[in-house]
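Pulled the feature table from TrEMBL, pasting it below:
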BINDING   B:Cys89, B:Cys94, B:Cys130, B:Cys134  [2Fe-2S] cluster binding site
Amino acid sequence: MSRLKILTEHIDKPEITGIEGYIKHGGYRAVEKALKKMQPDEVTEEVKKSGLRGRGGAGFPTGMKWSFIFKGNDKPRYLLCNADESEPGTFKDRLLMEKIPHLLIEGMIASSFALGVKTAYIYIRGEYMYILHILQKAIDEAYAKGYLGENILGTTYSLDLHVHPGGGAYICGEETALIESLEGKRGNPRIKPPFPAVEGLWGCPTIVNNVETICKVPFIINEGGETYANIGIGASTGTKLISACGNINKPGVYEIELGVPVEEFIYSDEYCGGIKGGKQLKALVPGGSSVPILPNRLITKTAKGEPRLMSYESLSDGGFPTGSMLGSGGFIVFDEDQCIVRNTWNFSRFYHHESCGQCSPCREGTGWMEKILHRMEYGHGRMEDIDLLWDVQRKIEGNTICPFGDASAWPVAAAIRHFRDEFEWHVLHPAEATRRNYGMGRSAEPIEQVTA
Amino acid sequence: MIETTNITFSPERLAEVQTLLKRYPEGKQKSAILPILHLAQKDFGWISVEVMDYVAELLDIQHIEVYEVATFYTMFHLKPVGKNVLEVCRTGPCMLVGSDNIVKYLEQKLSIQDGETTPDGLFTIKTVECLGACGYGPMMQVGEKYHEFLSEERIDQLLEGFRQNATQP
Ligand SMILES: Cc1cc2nc3c(=O)[nH]c(=O)nc-3n(C[C@H](O)[C@H](O)[C@H](O)COP(=O)(O)O)c2cc1C
Ligand code: SF4
Ligand code: FES
């Protein structure tokens, strides 16, 4: 496996953060090439050829998405960079924006050119305010050098780029909620269709792309879509940033060529460096909190018995119940001491807290799941709670305006499928389950009397 | 605790607001609401009704439009908070590496519970959801700064630092 790095090759060089350092290492060549030597459609064509899939979670082909942008009216078009990065376990976009902000800016310019966009925004989660300042400084530098503003590099193309902070709502990562939020409203997802490519920001055609996705565009322009398509494995082309966390020796962000075996990713020194304290691996969430958890026996091999690889296809092998997803690349590792019930409860609390509240199944269901799991974890569970929980998550999935509902249901469903015995143990040994929590120094939670 | 008495931005801030407004098309100035609320919280400490009304007037929109937004996003403090808001991540990946202990330790050290402010107005503890530092947990955000790989010793040092800052003129 070659160790090609498309985004992070120079990331450890401090000078790469500034525009001079970035240019010194080959930066802004893609803008020169695209604006001076290519037609907008040619750029889209290269992105299509590259097989690049969106890195925000859903993995939708980027070139295809771009080709959907509505050209049938003379309304302005917008490109929005999704830098909301709020999926638990995901902390990769932060690295790019903090260390190599001009890569994102260059990607935004080239992508905006391809889409015929005159004004673009980077919507960044409000908590990343220190990164917003880094981006703003980089944007100012780009304006000063003539990469942004009127008649970029003496061409007829002009672009304005702005950063916009969110206010601490996970749902604003969902593209239509992001648009609502950018319009100055509550981040309530919109019913689709119309899709943003037809009617997005202020009713105008809009494309929303993740930071990492946009950052891939300069390489594709410089080296050609085919070169990119030859990296990786099968339809999982190129490289992917994986943010690894949990009980591993070397948490951090790694750029991998898609197709690396999961086992190698966890145990090799180049990546996670194995399980902390030499403990056993119990489970894994490969793509951020909303994707189904994989138990130990399904981590190195798929349900079909093939080696499990870090790729879109391999991680979703068989679909539910044994599959999962590459998602956003938020790789969360659990050692043998971790409690699946507790973790599932924690994630349910997250989803309950973050639900925008528009749909009853999501608004109420996430709350019920949280409460049922809470009482199981704190020694008040009943055997029928497991089926009740199953029932509640089934009633959320597929019955909501946006995919947040599914995202809240999948972790619960997967935990019950794979770790039902652990839920039963909690019901049968309430005192022990509770003691174990206090023993681990965990805060005492008040036991709520719930009747879900 | 910072009280919101005189709710007006300084001339420099007002200039900043004007720059912000230019980022959005004519008539779409409502888009500047989140950036302006962030500035308001920085200057006034928390988002009182008076602050929301002031922001509405700056943007020439209905007061309710600001109330709706300020109450939706968790970063805005709708009640007075301490000088240092210790926002500790409590979500899964941080929990796996001991964020529960960190919250408990802070609660003991400061003799307050999650959500409360110390009587001297120096500290508020607030547990929050994932801040995008999952590999570097346990972590907390204080102001714009991320403090990662927290331990009890590190907490002691940080609290000491905040206290010293507070006594400096
Ligand atoms: C609840 C929810 C949260 C999301 N959060 C993010 C996020 O933080 N960052 C992101 O890029 N995409 C996020 N997405 C996916 C976006 O809706 C959208 O698909 C993505 O930004 C498109 O970019 P891409 O095609 O480059 O992946 C989220 C989706 C949902 C349903
Ligand atoms: S599924 Fe949940 S988050 Fe999505 S629109 Fe409905 S209530 Fe809001
Ligand atoms: S889980 Fe704590 S920062 Fe993500």
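Residue numbering: from 1, along the chain as shown.
Even glycines carry a Cβ here, placed using N, Cα and C.
Curation does not apply to TrEMBL; its annotations are automatic.
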So what sits near B:Cys130 ([2Fe-2S] cluster binding site) in its own chain, CB-to-CB under 8 Å and at least six residues off in sequence?
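B:Cys89, B:Thr91, B:Gly92, B:Pro93, B:Cys94 - these are the non-local Cβ neighbours of B:Cys130 ([2Fe-2S] cluster binding site), listed in sequence order.
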Sequence gap of 6 or more, Cβ distance under 8 Å: name the residues on the same chain that satisfy this around B:Cys134 ([2Fe-2S] cluster binding site), in order along the sequence.
B:Cys89, B:Thr91, B:Pro93, B:Cys94
Cβ atoms within 10 Å, counted per site: which of B:Cys89, B:Cys94 has the most, among these binding-site residues?
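Answer returned by the neighbour count: B:Cys94.
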With H, G and I counted as helix, E and B as strand and the rest as coil, say where DSSP puts B:Cys130 ([2Fe-2S] cluster binding site).
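In the DSSP reduction, B:Cys130 ([2Fe-2S] cluster binding site) maps to coil.
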In DSSP terms, helix, strand or coil for B:Cys89 ([2Fe-2S] cluster binding site)?
strand
